[in-house]
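Asker: One structure, as structure tokens, below. Some questions next.
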Amino acid sequence: MELVYIKTYGCQMNVHETEKMYASFASRDIGKAERAEDADIIILNTCCVREGAETRVIGNLGLVKKLKENKRGLIVAVCGCMTQQRAVAEKLHKRCPFVNVITGTYKLPQLPDMVERVKNGEKFILDLDKDERVPCGVNAAMRTDKVSAFVNIMYGCDNFCTYCIVPYVKGHERSRRSADIIREVTELVERGYKEITLLGQNVNSYNDGETDFVKLLDELSLIPGDHWIKFMTSHPKDLSDDVIRLIAERPRLAKYIHLPLQSGSDRILALMNRKYDMAAYMHKIEFIRKLMPDAGLSSDIIVGFPTETEEDHLLTEKAVKDIGYNNLFTFIYSKRTGTPAATMDGQVPEEIKKERISRLIDLQADIASARAAACVGKTCRVLCDGREGKKLKGKTSADRVIVFDGDAAVGEFADVLVTSSKNSKLYGKAVK
Ligand code: 5AD
Ligand code: SF4
């Protein structure tokens, strides 16, 4: 049997794109290789949100070139966000002429066809056509995890935050039909999945013409079974009070919201085109905390956006302190060609960005420890998702990691008394 190996860069959305690609190859009797060395086809599913991911792709292509020198007939494809940009795709072709297929984000379902064309003698295929049609029916995916599953609800983004490349490489916002999503989630729950994460760049603007995001969540939360539903990512300008109320009300909706703030300075938020200010953001946080005092909150922060001063950064630190996230994803601003921020005056020097991010990481480590310590003595419902040594490992509904003693199997829920904490991690024991 022929084997394909897919290397994924970037976010969870890309992880799921890879799961779908494995399924489309499997339907042609091409299996999954666990290692690149064993594969007949190697695919790099790239990301371009920040420069780091792009650099890794170029580095890994050097290794792939060596594999290809030793294996005649090895087919290499590069796809995803990075190569959706025509200039990048053309440069890559010049620099790495051994790559057989270069395509972007739209034509992933057609990759097995393109590979077939290469087998039939075509030397090189470049296909960057934009196809914004939304696939109908249930998405076939070869999911790596047996407990947690991703489900796309929408594709693309219309927000055009000034630092972000996503709208240029993933196209306009478009929603899958709610009936397809409901069927997919129902099937996954029937197959035993316990945590379903709905995916979209801005899930709050989901709308298939008849069903909006609250209605979709309402219907999904009524699918019978013992499981949690989560979603990401929410845009603070669009997360409605109705959605927050529904999460508070429905046991199957996990009490966890990822709500990227990006900056704590109103001036920087305006330059980023985020369309909310700190007052509006805090208002949402207060409403979430009022209805769900134990809800888990996480966020993304970009440090060193053009013109960011020390005062702006201190406002971000203050916001992070005041809000008290469980978890914070911090990024150094990375210039993306073609976005408005890339040509703004006042680019911040690298050393300043590094110094600011390290302060922010230290601050968040203290906050996460304190929030974890405050959980000691509480009993939480935990989804067991693996083992850590002899102990069980799992996640709470608020997305906190917990290591515990007990006899739950992977994929089962347990009530766990939190007995201690270390950094952001909780430790505990199952209670009957
Ligand atoms: N530089 C740094 N971080 C970025 N992000 C998006 N674009 C950039 C960029 N140019 C971050 C944002 C977003 C997350 C997915 O990636 O914080 O929420
Ligand atoms: Fe990028 Fe903003 Fe869209 Fe998120 S909402 S994908 S940060 S443009």
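Just so you know, glycine gets a Cβ as well, placed from its N, Cα and C.
Because TrEMBL annotations are produced automatically, they should be read as predictions rather than curated entries.
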Asker: From the candidates Cys47, Cys136, give the one listed by TrEMBL for the same [4Fe-4S] cluster 1 site as Cys11, Cys81.
Answerer: Cys47
Asker: Should we count any of the binding-site residues Cys47, Cys157, Cys164 as near ligand 1, judged by a CB under 6 A from one of its atoms, and which?
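Answerer: With ligand 1 as the reference and 6 Å as the Cβ limit, the list reads Cys164.
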Asker: Roughly how many Å lie between the Cα atoms of Cys157 ([4Fe-4S] cluster 2 binding site) and Cys81 ([4Fe-4S] cluster 1 binding site), rounded to a whole value?
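Answerer: Distance (Cα to Cα, whole Å): 13 Å.
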Asker: Based on DSSP, name the secondary structure state of Cys164 ([4Fe-4S] cluster 2 binding site): helix, strand or coil.
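Answerer: DSSP call for Cys164 ([4Fe-4S] cluster 2 binding site): coil, neither helix nor strand.
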Asker: Same chain, not part of Cys157, Cys161, Cys164: whose C-beta falls within 8 angstroms of the C-beta centre of the [4Fe-4S] cluster 2 site? Give them in sequence order.
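Answerer: Going along the sequence, the neighbours come out as Asn159, Phe160, Tyr163, Ile165, Val166, Pro167, Gln201.
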Asker: From Cys11, Cys47, Cys81, which binding-site residues have a C-beta atom under 6 Å away from some atom of ligand 2?
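Answerer: Qualifying residues: none.
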